[in-house]
Every structure is written in structure tokens, then in C-alpha cells.
Amino acid sequence: MKENLTWHFGAVSSAVRESLLKQRPVTLWLTGLSASGKSSIAYALEKLLLEKGKCSFVLDGDNLRHHLNSDLGFTAADRKENIRRTAEVAHLMNEAGLIVITALISPLCSDRQMAREIIGAQRFLEVYVNASAAVCESRDPKGLYVKARRGEISEFTGISAPYEVPDNPEFEVDSESDPVGLVAEKLYQHLAGQYFPK
Ligand SMILES: Nc1ncnc2c1ncn2[C@@H]1O[C@H](COP(=O)(O)OP(=O)(O)O)[C@@H](O)[C@H]1O
Ligand SMILES: [Mg+2]
């Protein structure tokens, strides 16, 4: 099939989009245990960006599983496909000029590396949302840890499936002691310094 396909180049460059939107596109790839605070931080940062006139959109793992990824489960293969599709969407949104914030556990280094390659290393910021397993389990806002301990959820990250801590993330945020608003503010300040041309 591919041999009969030709890439059709558009007439609008990324530089034109950047000057129109007054922002350089980037993806903040939030990774961390369930209940570490990825979604809370992602939506707080999105709100902050919009309030400052910046165009941003959250790709939340749980939300995507209601629609685009509703056919996928939690096996390693399905998690990989979940991440591949999300990264492809993030890439398209970056091409459109948006600042993308993803919130997926994305437990494996190899899958996050795949996301980095799909999105492009220059536009990819890995953000480790660090809260200990004990704290995440004590928060348990969705009651998932209780269910996983009862054996009602198979392949639950941190209990019956692995989480590989990022080796060298562009950012690490302390979501145990820093409140959500402060974490979002710190990430915003970083973006403001590097991604908002005058
Ligand atoms: N410092 C913090 N950072 C992020 N979340 C926090 C923090 N302190 C408490 N929380 C709470 O922890 C829970 C994290 O849930 P959520 O954002 O859904 O995590 P995840 O998307 O990583 O599963 C929320 O109930 C949130 O209010
Ligand atoms: Mg979440």
C-alpha cells in the first residue's frame, strides 16, 4: 500500500503557526503511578496556560480509553498501543501548534522512548510525577488500589505490574509535598522561559 502513497506537503510552515500562536509547540509527557497526580497537574497546567493566552490540550489516559483507545486493555501490548496512539495524536497536535500535556502511567522506559521518537526529541519533555507507592495507595481517589489488593484488577501498576522510574527525565516534580498548584506553576514558568517567543 505505502508505495502508492505520496506525502502531500501543506503550504503553512511551523514557523508561521508559531508566530501566530506566540508559542513553540511541545509535549509534556507526565508519567507516574496511579494517583500520583498526573491528571490533577495536567488539567491545572492546561488551565493556567489558557488563562495566559496559550493554546494547550490535555490527553488524559483514562479519558482516551473511553473513546480512541476504548478497544484496549492493560496487557503490555495494549499499553504499548495506547501509548503509541496517544503519542501520534500528541505529534499531530504539536504540528498544529498546540502545547500538549499527556497524563498516562506509561510505566515502561521503552514505551516512553517510543513516544519520544514519535513526537520528536526536540518537542518531548518527560515529566516524572513522583509520589511514593505508599502515598499513592493512601490517596486512592478512585478506589483502584483497594480493588487491586483484593485481586479484582489484574496487571495493576505498582502492585501486580511494574513501574520503571525514568532514568533521566527532563523534569521531576514532587507531588507528595508540593501542592498541585505549585507544581503546575513551576512547569508553567519553565515553558514561559523557553517556549513563548516575544
Ligand atoms: N501534591 C499533589 N499533587 C497531585 N495530586 C495530589 C497532591 N496532593 C494530593 N493530591 C491528590 O491525589 C490525587 C491524584 O489523583 P489523579 O490526579 O487522578 O492522579 P493520576 O492521574 O496520576 O492517577 C487527587 O485526588 C489529588 O487531589
Ligand atoms: Mg489520571
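Each Cβ is built from the backbone N, Cα and C atoms, and glycine gets one as well.
Pulled from TrEMBL:
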- Ser106: active site, phosphoserine intermediate (ACT_SITE)
- Gly32, Leu33, Ser34, Ala35, Ser36, Gly37, Lys38, Ser39: ATP binding site (BINDING)
- 24-174: domain 'APS kinase' (DOMAIN)
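On the structure: features taken from TrEMBL.
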residue	record	Cβ neighbours (10 Å)
Gly32	ATP binding site	27
Leu33	ATP binding site	25
Ser34	ATP binding site	25
Ala35	ATP binding site	22
Ser36	ATP binding site	27
Gly37	ATP binding site	27
Lys38	ATP binding site	29
Ser39	ATP binding site	20
Ser106	active site, phosphoserine intermediate	28
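The two recorded residues, Ser36 (ATP binding site) and Ser106 (active site, phosphoserine intermediate), show a Cα separation of 12 Å. The recorded positions near ligand 1, defined by a Cβ under 6 Å from one of its atoms, are Ser39, chosen from Leu33, Ser39, Ser106. Cα separation, Ser106 (active site, phosphoserine intermediate) to Gly37 (ATP binding site), rounded: 14 Å.
Looking only at the domain 'APS kinase' (24-174), the predicted model's pLDDT averages out at 97. The 6 Å Cβ screen around ligand 2 retains Lys38, Ser39 from the binding-site residues Gly32, Ser34, Lys38, Ser39, ordered by sequence position. Residues Gly32, Leu33, Ser34, Ala35, Ser36, Gly37, Lys38, Ser39 make up the record's ATP site, and a Cβ search at 8 Å around their centroid adds Ala103, Ile105, Val129, Ala131, Cys136, Ser175 from the same chain.
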